[in-house]
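Q: The structure under discussion is supplied below as C-alpha cells; questions concerning it will follow.
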Amino acid sequence: MFCSVFFFFFQTELWQPASPIYITTNSEVHLYIRSTSVEFVTELLRKHGITYRMLLENTPALIEMQIKNDTSDPRSGGVFYERYHSLEDIYYWINKTKQDHSDMVKVILIGSSSEKRPLYVLKLSGRRDEVKRAMWIDCGIHAREWISPAFCMWFVKYALAFYNQNTEITEILNNMDVYILTVMNPDGYKYTWTTDRMWRKNRSNNKDSDCLGADLNRNFDANWCTKGASDNPCDPTYCGQFPESELETQAVARFLRSHKDTVKLYLSIHSYSQMLLFPYSCSYDEIPNHNELFEVVKEASAKIRRYYRNNYKYGPGAKTIYLAPGGSDDWAYNLGIKYSFTFELQDRGRYGFLLPPSFIPQACNEALLATKVTALHVIKKLNEELP
C-alpha cells in the first residue's frame with residue numbers, strides 16, 4: 001500500500017519491475033518521475049542512501065520526437081516503417097496492406113475493445129494449395145510499449161516484400177499461415193498518444209472503482225490473479241474482475257480456441273528488457289518440453305548476438321524475470337500450443353518505453369531473426385511428425 005501511495009502522490013511510474021512486490025534489497029529499479037517531483041524524489045533517495053542514476057532528463061522532447069511523423073502513407077517506402085504510428089495510421093495501413101496485397105492478405109475482425117474499437121487480425125498466406133498450420137503474433141497488449149506494434153508492421157512489410165526472394169520467409173509462409181494482431185489494446189494505445197504516454201492497461205470501467213483498465217496480460221486464465229498480479233483496479237498489474245473479463249482478452253481467447261488445431265506457434269511481442277521467454281511465467285513449474293524451447297531461444301539469442309552484437313537473456317518467464325500470472329503465453333501453452341513464446345524487445349533501460357524511432361530498425365530485425373528461428377524450428381518438428 002505504501003508503494004502505491006508513493007507512486008501516485010509523487011507522480012512516479014514504476015517501469016521495472018512491473019510491480020512493487022518485486023522490489024528487493026540490491027535490486028535495480030527503473031522509475032519514471034514527473035518533472036514536478038524529481039527534486040523531492042531524488043532527495044528522498046539520497047536521504048536513505050539509495051544510489052541512483054538519471055538516464056533521461058528531457059522526456060517531453062523525446063516523446064515529441066516519437067510522435068513526429070512525416071508520412072502516414074506506406075507507399076512512401078522504408079521510412080514509413082522506421083516511425084511510430086498513431087492508431088488511425090495503423091488502421092489505414094491495415095486496409096492499404098489488404099488492398100495492395102489481396103493475393104496474400106486477408107483482414108479478420110475478431111472482436112472489439114471496451115471503447116468499441118475494432119480488433120483486426122491480418123492473415124498472411126503464401127502457397128494456398130493445401131490446408132496449412134499456422135502461427136500467431138500479437139503486439140501492443142501493453143499500451144506504452146510502442147516498439148511492439150512497430151514490430152508487427154515491420155514483420156508484415158518484410159514478409160510481403162521478401163516472399164519468394166528470401167528462402168526462410170518463403171518456407172515459413174509456404175508452410176504456415178500467419179495471424180497478426182497489430183494492436184491488441186487499441187484503447188490504451190490511443191490513450192498513450194493523446195493523454196498519458198506511460199499508460200499500460202486497457203481503458204475498461206471497473207466496478208466500484210474510479211480507476212480504469214485492467215492489465216490484459218494478467219487477465220488470461222493461467223493461475224489468474226495469484227502472486228505477481230494485483231486485485232486493486234488502480235494498480236498497473238490489475239488482473240481484472242475475473243479471467244477473460246476484458247473484451248480484448250475474450251476476442252483473442254475465442255479466436256485461438258477456434259483455431260487451436262492449426263495454430264502451432266504463439267508469439268507475444270513486448271518491451272522492454274531484451275529477453276526471449278517461454279512458459280511458465282505464472283509458476284516456477286517446468287513444462288514437459290522445457291529443454292526443447294530452451295534450445296530454441298538459446299539459438300535465437302546466439303544469432304542476435306552474432307548478427308547484431310546485442311545480448312538477449314532467455315529462459316522460462318518466472319525464473320528469468322519474475323512471476324506473472326494470467327499471461328497470454330502461458331494460457332496459449334495450456335490450450336495446447338506447445339511452442340509459445342514472449343519476446344521482450346529493446347532496450348535494457350537506457351530509454352525503456354521511450355525507445356527513439358532510430359532504434360526501430362535494429363530492434364525489429366532482432367525480433368524478426370528470433371521469429372524466423374522459432375518458426376523454422378516448429379516447421380521442421382512438425383514435418384518430422386508427418387507419416
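Counting starts with 1 at the first residue shown.
Glycine too: its Cβ is placed from the backbone N, Cα and C atoms.
Annotation comment: TrEMBL describes Glu344 as active site, proton donor/acceptor. Summarising the annotation, TrEMBL assigns domain 'Peptidase M14' to 83-378. Taken from TrEMBL, the feature signal peptide covers 1-20.
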Q: Per DSSP, to which secondary structure element type does Glu344 (active site, proton donor/acceptor) belong, with helix, strand and coil as the options?
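A: Strand, per DSSP.
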Q: Averaging the per-residue pLDDT over the domain 'Peptidase M14' (83-378), what integer do you get?
A: 97
Q: Do any residues at least six apart in sequence from Glu344 (active site, proton donor/acceptor), in the same chain, have a Cβ closer than 8 Å to its Cβ, and if so which, in order?
A: His270, Ser271, Tyr272, Ser273, Gln274, Met275, Leu276, Leu277, Ile321
